[in-house]
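Before any comments, here is the structure.
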Amino acid sequence: MGTLVKPALLLLLWQSVGALNVPLEVRQPPTIIKQSMKEHIVDPKGTMVIECEAKGNPHPIFSWRRNGKYFNVARDSQVSMRRRSGTLDIYARNNPEKYEAEYQCIASNQYGAAYSHKIILQLYSKEIVEPVVVSAGLPLVLSCDPPPGPPKPETYWMSSSFPTMQPVRQDRRVSMGVSGDLYFSNVLFNDSVVDYCCNARFPYKNVIQQKMPVVVKVLTMVEAAPTWLSPTGSSSSILVLQGEELLLECIAAGMPTPHITWAKDGEDLQVTSRMKVKNFNKMIQIPKASFEDAGEYTCTAKNRLGYAEHTITVRVKATPFWLEKPTNLILAPEENGRLVCRADGAPRPTISWFINGEPIETATPLPNRQVSGETLIFRSVTTENTAVYQCNASNQYGYLLANAFINVLRKWRVTLVCLNICPCFFLHRSKYGQGNLEGNRFKTHSNGTLEIKHIKIEDQGTYVCVVSNIAGRDEDQVRVEVKEPILIVTRPQSMKVMRASDVRLECGVKADVTTPITTTWLKNKKHLTLGWRISMDESNLVITNVNTGDEGNYTCVIKSELEQKSASAHLMVMDRPNPPTNLELSDPYERTVRLSWIPGDSNHSPITEFLVQYDDDDWLPGKWRNLSTYPGNLNSVILHLIPFTYYEFRVIAINEIGASRPSRPSKRFQTSGAPPDIIPKNLKGVGTWRNNMEISWEPLTYREWNGPHLKYLVWWRRRDSREEWKNATTKWLKYYIYDADTFTPYEIKVQAVNDFGLGPESPVVIGYSGEGRPTTAPLNLRVSDIESTQVTLHWDPVTSDTIMGELKEYKVYYWRDSSQLRWQWVDRGMKSKAFPINGPDPSGVLDELIPYSNYKMYIVVANNRYEGPPSNNIHFSTPEGVPSAPRSFRIQQRHLDSIYVDWGLPAEPNGIITGYSLKYQTGIIEELPPNVTSFSIRRFDRYTRYRFSVAARTRLGIGEWHTEESPHYTTEIYAQDQVDITTQGWFIGIMCAVALIVLILLIVCFIKRSRGGKYPGRLVMPNCTRVSTLPYPRREEERGLQRGQPSIEAMMKRSDSDDSLVEYGEGGEMPFNEDGSFIGQYTGTRRDVRELDFGGSLELHSPINTIYSLA
């Protein structure tokens, strides 16, 4: 025992030490005692605080990490750390977005370091919301995405239209979902009149966070069949516990706006008192779900173009509930019996048995008692089985407990009488043989009667009565048969069921197997006729699809030749109530009327409430709307109505089963007229010209007129003046005031009026007449912090009395006057940039400038309508920058083994070009002077493609790179490309000219040789200059790219005739005879043309040879 106590005591001491708060006098490592939430959302408009507090001895030193790296707080001028604390205060007046990051606090001393959790800092309402553009008729979802709790914030939507904000009016077309998003089933043109803003309210902090307004722009109208916005798809499922709130939501898109209807398990949904239909029939709310709420709910959205369906499967889990409770049993000795304990739940409960409160597993075991799941079975009971038994059904959500007792009676006794013979004795004959009667159960009376106590089955047999005296002996036999009595084990239970359900009335019977029995059922003491709907299962009665006609008393009659027993139960059928009748209207007034009716039969389920519906003159006949609900004990109520409207009414009775059919409509009724009671909304006054003001408001709906001939009474007067109010009546939604001073404030108000009187006045709103043109220009325009692409501007503000309206902005007009490079052409187009009001010393940054340029500018002041006169022009020049990419970049292949590239100047040099940088695929970078704009490289592989990048440089650095990749040159493609040159006109013309010149030279030579007279002794042949057809410039030849240049002699072949010009030197002389004929002798040594050395390759200059020379 001691060994068990010691560990328990040690564990207790350890737990006490773990909870002990170590005093700070003891040296200890740091402990984080306070820190911000993991998802830390702050408002950037104020000071952003990230908390971190720690304790320790010595006092810890704090440091921070941002995005996993060390954060130097001291070097950030907008961040400070509190003294003896790690809490950060961030004063981000400019660019607060850069502080959105993941932060982690570290508190350390010589004994260790403590880390806070990672804190993600997020800014709320920082995003710039772009306008939402949508076509009219299409659906739209405006997401809210409120910041997380705890607790979960309350969301609501507001519409903003100058100068007021008001809640978004929700209806069948526009509604807010459970998630907080705003759903438009379809968008109309007037939805773009206002902006939409989502607000999140934190009830415990009493703080409201507002999201940036969303602007909706609506385009042309589009009609569409219904589709689902929430939930999506054709089916979904929901799991709910019994007693919890169940929300079913269906929001549809479509144009025209779809109508939402609900059905459950294939039938129209009957709205009970436990159920609420909200959000214009888009939501069903059941505050406390029950098993009867389980099933398939189908929401259907319809319009004239089609329909869409969505099925929501609802599953309900619950604590255990009874299917069959154990009932008390009274049994005779040796009888059999059973206690049944059947329960259900979700999940299914487990069954446990107890005897007199003790678990049956630990109770004294009896051989004739057996537990079989939900049933406790008894065989041949004895008085030892008499007890109270408990059944416990439990699951994880709860339990049920039921008591039932078993009472075992004493045995019967039988008396046999043997008269007029005495003395006598009895013998018993049975299947076990014959013997004398022995035992306390048998007693022979003096008159010869045999009494048997507690008779048993084995007592069955033949009894012999023997009498004798001195005169003789005689005997008589009596046959005794012992039968089991009829016992109704399971008696039918009285039930209260709903219509259309199935009923089973059980009548379990136990009887002697040798005795035939018959079972019949009576209804209201009359024999029950069986059929397809009413049948018997053994001795049980089964009724399917019960109706109100099945209600009554049912009796189970068990009959044998010896006895008859019966058991009865009452069946009560519950149904929806019958509809009310005799609707009457009385006591009519302009806004009320009394409605009375006679309730219908409740059908055994009390009427809980009455629903009054109405149909008015909205040109939609048969469109019934719910007006109000009233307690079920009333049948006469006062209805609150709208004046000057036609009505019809009907009443629906509701009980726990469902709603009745609607009653017949009442007579048509019209309420009398009354003055309007609604104030026109969105009143505002805006000037459209310098001497007028437009007063406008939103119209009242037809239901809000309260009478005929609705008009509007407009009031106005100058603010801060003692003049009287002026007024005018109009039926339009605008009224104009003329001859007003420029930008003068007015007090305005409006009220609706009809034939029955004036409605309430609206609150006074301040409006302004039209704005004029500002009279002065801003002075002292100057620049500072001049950079290559931007400059800071400063100017003196103008006085408010010269603006002639509301100051909207300052606008700067500027243009690029010239470039500091004299040869550079510039675009002198004027540009502008507006600067909002930013304090007594206005300034702004003008960006997107071009470097190394001369600019001019001036500034004006603007109100909402006009701009003022310009200020004086000022000049400034931007310094050098880096150039743009070079233009006209070309890649050429002039030979199979080389690539040639060239380029042009950058479009914007942005300074003085100091050179070019060229890099290509091999990684080589060539630095070239500014006057070189071409480059050639030798190809080592004819099939390799090269990537070239070129950029210009200025004094400030290298500019933008221009990158191109060479084409895929091959020998075949290259040759094909060159052959294609011959089809060009310019090339054919050049070749023809070359051939013509050569022909003329040859003709001239032959003419001089063959004409009459004496010829000079020597003929000097002209030098035939080679016409270059190379694809590269002449200067490359001058650089030493030599080519073989054979003489004209190589083109002449020796002829068999001595008179032909066969061989001659380069420009050499030939001897002739006086008659000019050849004599076969030459002054020079005769040489074969094949022996000539041309100092290079033989090259024949013809068009075809020229083509091949390019290959």
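Cβ coordinates come from backbone N, Cα and C, glycine included.
Those TrEMBL annotations? Automatic predictions, nothing curated.
Quantities reported herein were computed from a predicted structural model and do not represent experimental measurements.
These features come from TrEMBL:
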DOMAIN    30-116  domain 'Ig-like'
DOMAIN    226-315  domain 'Ig-like'
DOMAIN    320-407  domain 'Ig-like'
DOMAIN    485-568  domain 'Ig-like'
DOMAIN    579-674  domain 'Fibronectin type-III'
DOMAIN    679-772  domain 'Fibronectin type-III'
DOMAIN    777-881  domain 'Fibronectin type-III'
DOMAIN    885-973  domain 'Fibronectin type-III'
REGION    1034-1060  region 'Disordered'
SIGNAL    1-19  signal peptide
TRANSMEM  986-1007  transmembrane segment
Does the domain 'Ig-like' (320-407) make contact with the domain 'Ig-like' (485-568) through 3 or more Cβ pairs under 8 Å, each pair 6 or more apart in sequence?
yes
Across the domain 'Fibronectin type-III' (579-674), average pLDDT on the 0 to 100 scale
88
Would you kindly check 30-116, 485-568, 579-674, 885-973 and say which stretch has the most C-beta pairs under 8 angstroms to the domain 'Ig-like' (226-315)?
579-674
Listed stretch, out of 30-116, 579-674, 885-973, that has the most CB pairs under 8 angstroms to the domain 'Ig-like' (485-568):
579-674
For the domain 'Fibronectin type-III' (679-772), give the DSSP counts of helix residues, strand residues and coil residues.
3 helix, 40 strand, 51 coil
For the domain 'Ig-like' (485-568), DSSP counts of helix, strand and coil?
3 helix, 43 strand, 38 coil
Across the domain 'Ig-like' (320-407), what are the DSSP residue counts per state (helix, strand, coil)?
3 helix, 49 strand, 36 coil
DSSP assigns the residues of the domain 'Ig-like' (30-116) as 7 helix, 46 strand, 34 coil
